[in-house]
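The next block holds one structure in the form of structure tokens; read it before the comments.
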Amino acid sequence: MSTTTGRKSYGVKGAPYAHPSPATARKGALRAPYFFLLPASVLFALFFALPIGYAVFLSFRKVHVSGLGLGAGARHEVWAGFENYTDAFQDSELLHGALRVLGYGCIVVPVMLGLALLFALMLDSERVRLAPVTRLAIFLPYAIPGVVAALMWGFLYLPSVSPFYYVLQKLHMPQPNLLDGGPLYLAISNIAVWGGTGFNMIVIYTSLRSIPVEVYEAARLDGATPLQIALRIKIPMVAPSLVLTFFFSIIATLQVFNEPTTLKPLTNSLNTSWSPLMKVYQDAFHRGDIYAAAAEATLIALATLVLSFGFLRAANRRTKQEAAG
Amino acid sequence: MPHTKRRRLVTSALAVALGATTLAACGSGDDSKSESGPVSLTYWTWTPGMDKVVDLWNKGPGKKDRITVTVKKQASGDTLVTKILTAHKAKKAPDLVQAEYQALPTLVSNDALADISKEVGDVKGKFADGVWQQTTLGTNAVYAVPQDIGPMMFYYRADLFKKYGLKVPTTWQQFAETARALKKQAPDKYLTTFSANDSGLFAGLAQQAGATWWTTSGDKWKVAIDDAATRKVATFWGGLVKDGVIDNQPMYQPAWNKAMNTGQEIGWVSAVWAPGTLTTAAPDTKGKWAMAPLPQWSEDQDVTGSWGGSSTAVTTDSAHKEAAAEFAAWLNTDHDALNALATDGGIYPASTSAQLSGAFSNPPAFFSNQPDFYTKAAGIAKTTVPSAWGPNVNVAYASFNDAFGAAAKDKSDFGAALKKMQDATVADMKKQGFGVSR
């Protein structure tokens, strides 16, 4: 944008500065945008495009071993075509992992965003006391590293060391096993909700604060109750933030790794490939098959792109329709 | 606790016998031991306190031969194997690496380890045959010098065994009876747990029962994870879990620590390094434990398996293989070095003469009640049966974690889990292109 303006100034106003010749100036001006783009492009190419390209390249390779595979020259890297991809598609563990993450996401995303919205609305209402302290308290878990959070919750989930279980036992209440079966999903989701709600709340809250007060005033003059204001005015007006937080949450869900990995040693119910990313890690660093891992990582990246941008498009279309209607 | 596995990263073919070695070999044909200039070596290890041991070298024999070793502390087990293979791919692996025995075939098959038979061949006599054989992979080559070993033993709470009138089991049959007897007397206690999170334990138990998981004939591997011996072990433990007479929770986690510390679990099938683990996991039980040989499958037998243990290897990327091999031999056979390794690193040496000397004349502090701890341990170590490892131990182990983890949780058929482990291992080898015979 700035470059366009720059070019115009040469043509329209002539030459306020001493230029060698208009032709050179124009050429220089034509080059200028590329020059400005250079640092970003180089960094992008080096640290983004190149590694991704290499990962994709690796995903089409494999190692071929001959005979016993001992000694020099027993292993060769060869082209694999789509073999790693077909294997990944046929691998029931990857599919099951994806389904597990889907189940996990169905719990985490609605609960986390619901709570975030609720807290944001409550903080925004005038009746709340100690708003800054409360805001900080809700946000704080986000500042705790995921692994630490998972470890802490892990201790709380283990019947023999958890204070909660101690109390339940004293009260002769049932003591559910949170690290098994269905409750395990709740246990893992809980860690994510605990850690992520604060961040999403801040995003929504910030956008609530930017709504002009006149809007509320008008609503109040029209006789709207605080609840009506929240439902009819605030929520629709922060819809773009909700879309954004939803978008982030989908991505975070698809990348779930820390929580199940940290909880894994605590229970037999979490296997080494509980989530797709854990499977990638397992293949790359335990099985040492970086080729299969590269193919799986590529698939996960594609799925993330399709899901998250698919959602964004759908959300945008709706907003436009609403705007038009 | 060491687990293992490792990897199959690629390597391109050629080993590099680079510059310096070649030059040294040419330049000083008369004296094969010395190289032409000061040599500096890098050593990747996870043993705690290794820098102190290496200091002994740098100030002593190393100074004389002008060979300086630098320690780079690493994560243990399979993580390091992956790292070594990745570095080796770029021809930048360090001169010396620590490697668990079961990782050696993997490293060798990636051409990451140099054959140092010429340099260290004469130290063979310092080690038990079963231990040494793991570093040769049954060939004439020598790929590493044994450092520590983990002969398996049975640990039990002497005080609680007495309290419940239990006898220390000498056969697995008795072990099962003891577990049932305890359950009857104290329903909230377990003799032990079957943990699916450390494959090394199961591998060691199978080894004791006589299993040989990987063998070669001609240019084909034979995988016998699902053989009669291992099946016997799997069925035995599966039965105990199914009947609920032992626990099914994984080891090394807060709940297990608590169970060990409070006497909810009163026994542990483990290895010689157990005192270290118990010191941190069950600090309140100091002086209450005792160690006995592993129960046997038949009365007339006296064998044990091994769980853990590692070696020092020289990589093919090293430009100073001779110097590196000299250090590896010194580290694992020299009296002072081994004494320091035991004191600072807490390892149990593979070298037979070191098992009774220096640091091992007194029992570990946690077992002060058992003065002959290390005499007994050295006796047990002698009964270790040889083990055989293949090129994809990591896959077998990962498959063990998942299949047996699920079986232990559901208290279902361990035999089916074993079959899964066998199938996954064979399928992986076939996929990679290894010759596999049925």
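Quick reminder: no glycine exception, Cβ is built from N, Cα and C everywhere.
Among the features that TrEMBL reports, transmembrane segment is placed at A:34-57 (among others).
What TrEMBL records for A:98-311 is domain 'ABC transmembrane type-1'.
Per TrEMBL, the feature transmembrane segment maps to A:101-124 (among others). Residues 131, 134-135, 138, 185-186, 188-189, 192-193, 196-201, 203-205, 208-209, 230, 234-235, 238, 242, 245-246, 249-250, 253-254, 256, 275-276 of the same chain sit 6 or more residues outside the transmembrane segment (A:101-124) yet have a Cβ under 8 Å from a Cβ within it.
Among the features that TrEMBL reports, transmembrane segment is placed at A:136-158 (among others). When Cβ-Cβ distances below 8 Å are used as the criterion, the transmembrane segment (A:136-158) is approached by residues 119, 164-165, 178-179, 187, 190-191, 194-199, 201-202, 258-259, 261-263, 266 of the same chain, each at least six residues removed from its ends.
The feature transmembrane segment is assigned by TrEMBL to A:184-205 (among others).
What TrEMBL lists as transmembrane segment is A:237-257 (among others). Residues 101, 104-105, 108-109, 112-113, 116-117, 120, 188, 192, 196, 200, 203-204, 206-208, 211, 215, 275-278, 281, 300, 303-304, 307-308, 311-312, 315, 319 of the same chain lie 6+ residues outside the transmembrane segment (A:237-257) yet bring a C-beta within less than 8 angstroms of a C-beta in it.
Per TrEMBL, the feature transmembrane segment maps to A:290-312 (among others).
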